[in-house]
């Protein structure tokens, strides 16, 4: 039966080879069987520019390109960790870049896709930070810096983010229900798929279904499968 996959929040890095191994297994064995593959952000733990080269980055690019070459339509939506992924990455992998909110029609279902961080409006400090770093002039300036400088800045930002999380409540870091409902109504859908919060679940809410993609952890890959009959669910080992 025809089907598609949705994943997010892998946070791939050279310090966690077990996550890379899970991704390799998925891309070699499951992904080629799909019609479409949607990666909804935070594929990498951080991204400092399309010009960065590493064994991991090249391996991931090659895997996506291979799946794309096998006829799978691949899509990538930016996360809060890899929002600087650009057109060069898209060309080298064959993955189409999507905007922050993307309306799709899949197997006769209208679906709204987003990474999920834009729905967490109660985290005021993060939203202010997000607005700053998404300014195009600031991104252009950052990308002009030497790679070593960009790496140091990214490491400092990541460390501060991890520190800030310790002081924030789980409620603040979750989506705002009223705002999320407004977005769903704005796009006229009854199905929303997002990641970011790392709280894998399928929520039946008033008027729509909200699917939250989980993060990938040692020995567990959060993979949502939707088939042409409209059925969907997380793949369980």
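Numbering starts at 1 and runs along the chain as displayed.
Placed from the backbone N, Cα and C atoms, the Cβ positions cover glycine too.
Close to residue 198 (Mn(2+) 1 binding site) in the fold, though at least 6 residues off in sequence, lie 9, 214, 215, each with a CB less than 8 Å from its CB. Residues or ranges marked as Mn(2+) 1 binding site in Swiss-Prot: 9, 11, 42, 198.
All protein chains considered, the CB of residue 196 (Mn(2+) 2 binding site) has 26 other CB atoms within 10 Å. The Mn(2+) 2 binding site feature in Swiss-Prot is assigned to 42, 80, 115, 196; the stated evidence is sequence analysis.
Annotated substrate binding site per Swiss-Prot: 80, 81, 123, 161, 165, 168, 196, in sequence order. Cβ contacts within 10 Å of residue 161 (substrate binding site), excluding its own Cβ and spanning all protein chains shown: 14. Following the DSSP three-state reduction, the secondary structure of residue 161 (substrate binding site) is helix.
Highest Cβ count within 10 Å among the binding-site residues 115, 165: 115.
Secondary structure at residue 81 (substrate binding site), taken from DSSP and collapsed to helix, strand or coil, is coil. Ranking the binding-site residues 9, 42, 123 by the number of CB atoms within 10 A of their own CB puts 42 at the top.
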